[in-house]
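Notes to accompany the following structure.
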Amino acid sequence: MTKADQIFKANIQKIINEGSLSEQARPKYKDGRTAHSKYITGAFAEYDLAKGEFPITTLRPIPIKSAIKELFWIYQDQSNSLDVLEAKYNVHYWNEWEVDQTRTIGQRYGAVVKKHDIISKILKQLAENPWNRRNVISLWDYEAFEETKGLLPCAFQIMFDVRRVGEDLYLDASLTQRSNDILVAHHINAMQYVALQMMIAKHFGWKIGKFFYFVNNLHIYDNQFDQAQELLKRQPVASQPKLVLNVPDGTNFFDIKPDDFELQNYDPVKPQLHFDLAI
């Protein structure tokens with residue numbers, strides 16, 4: 001069993017056994033019912049990407065291609081436009097969070113990246129001093145939240161550090177997430193930011209190192225417990241999936257394309273499970 005599957009099953013079981021029930025929940029299902037959840041706080045995981053430990057489950061198929069396209073929309077296009085997301089990447093699921101018929105998700109995610117020119121600043125300071133301890137990407141912008149409506153960012157902060165091991169430099173990343181629907185989005189979000197880590201590492205010709213993942217509120221919605229039990233029953237495949245970025249070292253961050261990523265050794269358990277999303 002892969003490390004990701006071990007952690008996934010353990011967290012599902014912990015939420016079922018020890019989780020707290022939500023109160024005054026904000027999300028709704030499509031039928032208008034309040035989407036309550038059972039949750040734990042302070043979930044943490046560590047993966048050594050250099051040793052082939054990738055944070056993706058084999059217990060159900062994870063839509064990695066669309067997840068990576070969403071990441072490009074945020075950090076390369078630096079956009080909040082749903083039209084850009086659909087026309088360029090054929091990704092539609094963010095339509096559920098359109099703000100006031102603006103064809104945007106409000107001043108969130110890519111709009112905040114663009115507002116602060118975050119990627120250019122991160123690349124510049126890593127180039128000037130790889131060992132600086134100030135490599136923080138934060139999407140938590142109170143001014144932007146007051147400017148427009150919109151879903152507040154779930155995965156909102158990632159930090160980078162560089163380590164030397166022998167002659168090689170390794171880029172580590174630490175992702176902080178305020179809230180995460182473990183059955184649907186956990187491995188999507190983790191692998192998105194592993195992809196971002198890989199893009200920055202490739203930009204400098206470094207190797208990928210460790211990936212640390214902290215979720216403040218890790219939950220299962222109250223209409224997902226049958227799926228949770230099904231996942232606990234499933235036997236994972238033995239092979240370890242691996243995400244590969246097929247571009248030469250030193251490729252500029254903004255020249256990398258979604259199709260440059262390849263998920264190898266991925267043969268997840270089927271069939272896919274259905275989830276009614278909470279909006």
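Glycine too: its Cβ is placed from the backbone N, Cα and C atoms.
Annotation note: Asn189 (dUMP binding site) sits in a helical segment as assigned by DSSP. Counting every protein chain shown, 22 other Cβ atoms lie within 10 Å of the Cβ of Asn189 (dUMP binding site). Here Swiss-Prot flags Arg133, Arg134, Arg178, Ser179, Asn180, Asp181, Asn189, His219, Ile220, Tyr221 as dUMP binding site.
Mapped onto three states, the DSSP output places Cys154 (active site, nucleophile) in coil. If you look up Swiss-Prot, you'll see Cys154 marked as active site, nucleophile, on the strength of sequence analysis.
Marked as (6R)-5,10-methylene-5,6,7,8-tetrahydrofolate binding site by Swiss-Prot: Asp181, Ala278. The Cβ of Ala278 ((6R)-5,10-methylene-5,6,7,8-tetrahydrofolate binding site) lies under 8 Å from the Cβ of Pro27, Lys28, Tyr29, Ala35, Ser37, Asp181, Tyr221, each of which sits 6+ residues away along the same chain.
Spread of the dUMP binding residues is 37 Å (greatest Cα-Cα distance among Arg133, Arg134, Arg178, Ser179, Asn180, Asp181, Asn189, His219, Ile220, Tyr221). Cβ crowding, taken as the number of other Cβ atoms within 10 Å, peaks at Ile220 among the recorded positions Cys154, Ile220. Of the listed binding-site residues, namely Arg133, Arg178, the sparsest CB environment within 10 A is found at Arg133. Note: Asn180 (dUMP binding site) has non-local neighbours Ala43, Cys154, Ala155, His186, Asn189, Val215, Asn217, Leu218, His219, i.e. same-chain residues 6+ apart with C-beta under 8 A of its own C-beta.
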